[in-house]
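Feature list (source: TrEMBL):
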DOMAIN    86-176  domain 'Endoplasmic reticulum vesicle transporter N-terminal'
TRANSMEM  101-120  transmembrane segment
DOMAIN    186-350  domain 'Endoplasmic reticulum vesicle transporter C-terminal'
TRANSMEM  328-349  transmembrane segment
Amino acid sequence: MGLWRKESCPCPAEPWTGIDTGKLKTVLLFPRAGLPASDEQDEVARTWDSNRSSWPMKLKLGLMMLRRCLTNSKASSSFTRLVLIRLDIYRKVPKDLTQPTYTGAVVSIICCVFMLFLFLSELKGFIATEIVNELYVDDPDKNSGGKIDVSLNISLPNLHCDLVGLDIQDEMGRHEVGHIDNSMKVPLNHGHGCRFEGEFTINKVPGNFHVSTHSATAQPQSPDMTHLIHKLAFGEKLQMQNVQGAFNALGGADRLVSNPLASHDYILKIVPTVYEDLSGKQRFSYQYTVANKEYVAYSHTGRIIPAIWYRYDLSPITVKYTEKRQPLYRFITTICAIIGGTFTVAGIIDSCIFTASEAWKKIQIGKMS
């Protein structure tokens, strides 16, 4: 089981990396059986036998071999094999020349478990999608025609549906009272209350929209504007599990126990948001921050006409979320680093333990003698 076996004896030295040079010489000089050696072959053979330790003569021998190999395909193949073998930097030690140890087996098991743990961790990170965010100044959705989609869902449990209306106005001169397109009113509390759901668009300029009784044919004496906001969102709906954003900051806002005659101001700062998935597809939405105040407002006639105001302005800063995944080359590089680093450190530890144990054995033998 040990990955680090100890050499029990030195390996025999061989100038030509363990290759049978006699057979190689026979192949190179006598490639075909029965072919008598030429004068050049005799010179090569004499040089080989008498100058095996002389590098200048080996160089001359190599040139003569190469010239001979170029004229014979079998000899050329053998010479190529010789050259390739000499390029091997991972020299093999015969298994019967190594010695397994118990400490090596323990270190090997720990090393494999550790590498498996790191590999699974890196694999999980490689498969997972990372969300990267950035900020820049620009209008991301230039194809929207300067419009922003709005979705509003609010309950007024003490105000009849005939009195509830939506008004929209902005700095471009838009002033719409009683907006009814793509809106729905659902009676609550046996008709005494109302749930208003609407989808509409606003211009990308400062303005406001408000829920009030301004569009009613007859104003009530004491309109009750206590309410519960279920949803207020801008732009596309984004399903992002790894992004914590204020896309529905007013969702769940409860003003049911407030002053019934009070007006409510929600001051919104809308932040353009872009989400780009792995395929490069972009979706446009908007986050917003909110501040609110509650007050009692009187008309010029002295009457109290409460309303729920949403005053908005757009931020010039755009937030962009981009899905990214770790590239394959980085994953492979990390795995190679894990394997190589673990083997190196484990090998050093095993070598230190083995050296220390051998030294201890020698000390004990010295004491006994």
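A Cβ is built for glycine as well, from the same backbone N, Cα and C atoms used for every other residue.
Curation plays no part in TrEMBL annotations; they are all automatic predictions.
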Handout entry: Beyond the flanks of the transmembrane segment (328-349) by at least 6 residues, Cβ under 8 Å
Key = 3-4, 107-108, 110-111, 114-115, 118-119, 122-123, 126
Problem - Secondary structure composition of the domain 'Endoplasmic reticulum vesicle transporter N-terminal' (86-176) [DSSP: H/G/I, E/B, coil] - result: 36 helix, 28 strand, 27 coil
